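The structure appears below as structure tokens.
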Amino acid sequence: SGPWMCYPGYAFQVPALPGCRPLLKLQCNGSQVPEAVVRDCCQQLANISEWCRCDALYNMLDSMYKEHGAQEGQAGTGAFPRCRREVVKLTAASITAVCKLPIIIDASGGRAYICKDVATYRDA
């Protein structure tokens, strides 16, 4: 296992995390998140390698913006009508912490719970 397994073209494909989309939307808008929504998202994320969880969250966020025809990170879009882009990114980056699922942050196997790369995701 390693970060290479997250890249396109390898046997492992990073899923779109459909169960985490409602969690992100509800959290970002400050709404109460039902336990079933949290559980569904966390179960999907738990099935992904610790190396690939942040990539999966990044891909989910990117696809949500693209589905709504917005430029990545644009505030006030159909995906996140009441959320500033910084809040969206930080909320997505913290999903691993909400689920209490570690991620691997470097080649030495160092672990964390917040996806730094998602939090610093730049607008395209």
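Note: Cβ is positioned from N, Cα and C throughout, glycine not excepted.
Between Cys115 and the candidates Cys54, Cys83, Cys99, TrEMBL records the disulphide pairing with Cys54.
Candidates considered were Cys28, Cys41, Cys42. The record in TrEMBL pairs Cys99 in a disulfide bond with Cys42. Annotation in TrEMBL places Cys83 in a disulphide bond whose other cysteine, of Cys28, Cys41, Cys52, is Cys28. The record in TrEMBL pairs Cys20 in a disulfide bond with Cys41, which is drawn from Cys41, Cys52. Nearest neighbour of Cys83 (disulfide bond) by Cα distance, taken over the disulfide-bonded residues Cys20, Cys42, Cys52, Cys99, Cys115: Cys20. Cys52 (disulfide bond) sits 15 Å from Cys41 (disulfide bond), taking the C-alpha atoms as the reference points.
Closest to Cys99 (disulfide bond) in space, going by CA atoms and restricting to the disulfide-bonded residues Cys28, Cys41, Cys54, Cys115, is Cys41. Within the same chain, the residues at least 6 positions away from Cys115 (disulfide bond) whose Cβ sits under 8 Å from its Cβ are Arg53, Cys54, Leu57, Tyr58, Ala92, Ala93, Ser94, Ile95, Thr96, Ile103, listed in sequence order.
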